[in-house]
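> I'd like to ask you about the structure that follows.
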Amino acid sequence: MDEIHKKILQRNRSNLVKDLDPSKLYDGLLEKGIFTQDMIDEIQSAGTRRNQARQLVQDLETRGSRAFPLFLQCLQETGQESLAELLQNGAPAVTLQPATPTQVVRPVIQPLPITSPVDGNNPGKDVKKPGIPFISPPGGGELRPGPGRVRRDSLQGYKMDASPCGHCLIINNMEFEPHSMLKNRKGSNIDCEKLERRFKTLNFVVEVRTNLRQKQIKHELLTLSKKDHSQYDCCVVIMLSHGTEVNHNRFPGAVYGVDGQYVPVQHITNYLNGQHCPSLQGKPKLFFIQACGGDEKDMGFEVSPDEVEPSSGGVDDQTDAIPMSSSSDSLSMSDEPDARPTLPTPSDILVSYSTFPGYVSWRETQSGSWYVQTLDCILEESAATVDLVTMLMMVNNEVSQNSAKGLYKQMPGSFNFLRKLLYFQTQT
């Protein structure tokens with residue numbers, strides 16, 4: 001939200017708390033995408049009308065640049081015009097009309113010179129035809145890999161020069177409650193420490209939460225979605241826990257809280273999508289999931305010795321696998337079409353899984369998981385010159401060459417809805 005609008009809300013907070021009727025606003029706030037249902041539930045749980053009004057105004061300040069004019073619309077539509085006029089008097093420039101679409105700068109396509117299809121020195125000899133036309137970025141500059149490349153918010157790459165770059169939330173579940181029937185995850189603390197150091201090096205504000213139950217996981221994600229990310233360029237969520245398969249319609253898998261109740265990955269991503277977190281619209285949201293995608297162990301298949309460089313795992317390899325859930329847990333979901341209006345297209349989201357859906361993920365108790373070890377090394381060696389998607393392919397290749405107990409394999413993978421290349425900030 002713009003600073004001037006925040007100040008207007010703060011200056012009129014006492015009048016809003018005294019006269020605002022939040023109960024009339026909830027449907028409109030939800031319909032216009034200002035708040036999610038979880039956020040409205042939390043506001044309602046504040047208790048009295050005055051407390052709900054106070055919480056609503058506080059939360060409104062975190063909901064992006066369109067929240068203020070849309071809030072004025074809701075006030076007018078629910079018969080609270082006097083409050084709308086009170087707020088408008090301090091903001092004469094506010095318009096209640098839909099925002100004018102931003103003009104898109106198209107790249108200039110410059111075809112390569114066309115040469116003769118026949119070599120004059122060797123009649124009859126075919127000459128290679130020109131390749132794909134060169135597409136120059138807006139402004140005419142060149143994008144080159146390496147420390148000297150131009151970073152800009154264009155068709156080629158996301159803007160990633162804010163300092164700090166963004167928030168990074170790490171949820172590390174190691175010690176599970178006895179009734180959950182889940183084993184403790186030895187070695188996960190090593191993964192957590194590596195990733196905390198790595199993303200601090202990449203200029204993220206890192207927060208670590210340990211041994212969370214299902215509701216606590218959801219609360220941390222909701223808190224992250226309510227932050228104002230306007231000054232940042234990216235957001236990262238890392239989940240280290242046991243996992244399982246669940247029915248899904250976009251992102252497979254789920255991760256467990258220490259109480260044995262799980263949160264589907266597609267619910268985790270929904271907290272930060274463009275509808276539920278407006279200040280992250282158009283910005284990359286990255287999710288790294290170190291958890292099993294199921295309970296099947298991959299024994300691989302035979303290939304030529306030249307295809308791989310064999311690497312054996314540790315003697316104390318463990319998995320993060322739990323069988324596929326088919327219970328009536330409140331978070332279980334049946335398959336539904338992707339076109340549901342409550343699930344907008346997840347643009348600018350990337351979910352990186354430690355293993356292929358349906359299979360176990362291997363972790364060594366002394367050195368951490370294969371996936372996190374490899375991811376950390378690749379980021380250290382290549383983040384200065386290589387984009388994220390390419391680095392994740394490098395992770396896939398290296399992890400695929402490991403073997404647990406000399407027999408079992410693992411294959412990481414990603415669901416990529418990014419629209420541009422992503423290069424992390426690195427220290428020079």
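Placement of Cβ uses the backbone N, Cα and C atoms for every residue, glycine included.
Below are the features I grabbed from TrEMBL:
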type	residues	note
ACT_SITE	HIS242	active site
ACT_SITE	CYS292	active site
COMPBIAS	324-334	compositional bias 'Low complexity'
DOMAIN	1-90	domain 'CARD'
DOMAIN	164-296	domain 'Caspase family p20'
DOMAIN	339-426	domain 'Caspase family p10'
REGION	115-148	region 'Disordered'
REGION	299-346	region 'Disordered'
> Let me check the 10 A CB neighbour count of HIS242 (active site). How many other CB atoms are there?
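Its Cβ shell of radius 10 Å holds 26 other Cβ atoms.
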> I'm checking region-level scores; what's the whole-number mean pLDDT for the domain 'CARD' (1-90)?
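The average pLDDT of the model in the domain 'CARD' (1-90) works out to 87.
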> Count up the helix, strand and coil residues in the domain 'Caspase family p20' (164-296) according to DSSP, in that order.
39 helix, 36 strand, 58 coil
> DSSP helix, strand and coil counts for the domain 'CARD' (1-90)?
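Split into helix, strand and coil, the domain 'CARD' (1-90) gives 65 helix, 0 strand, 25 coil.
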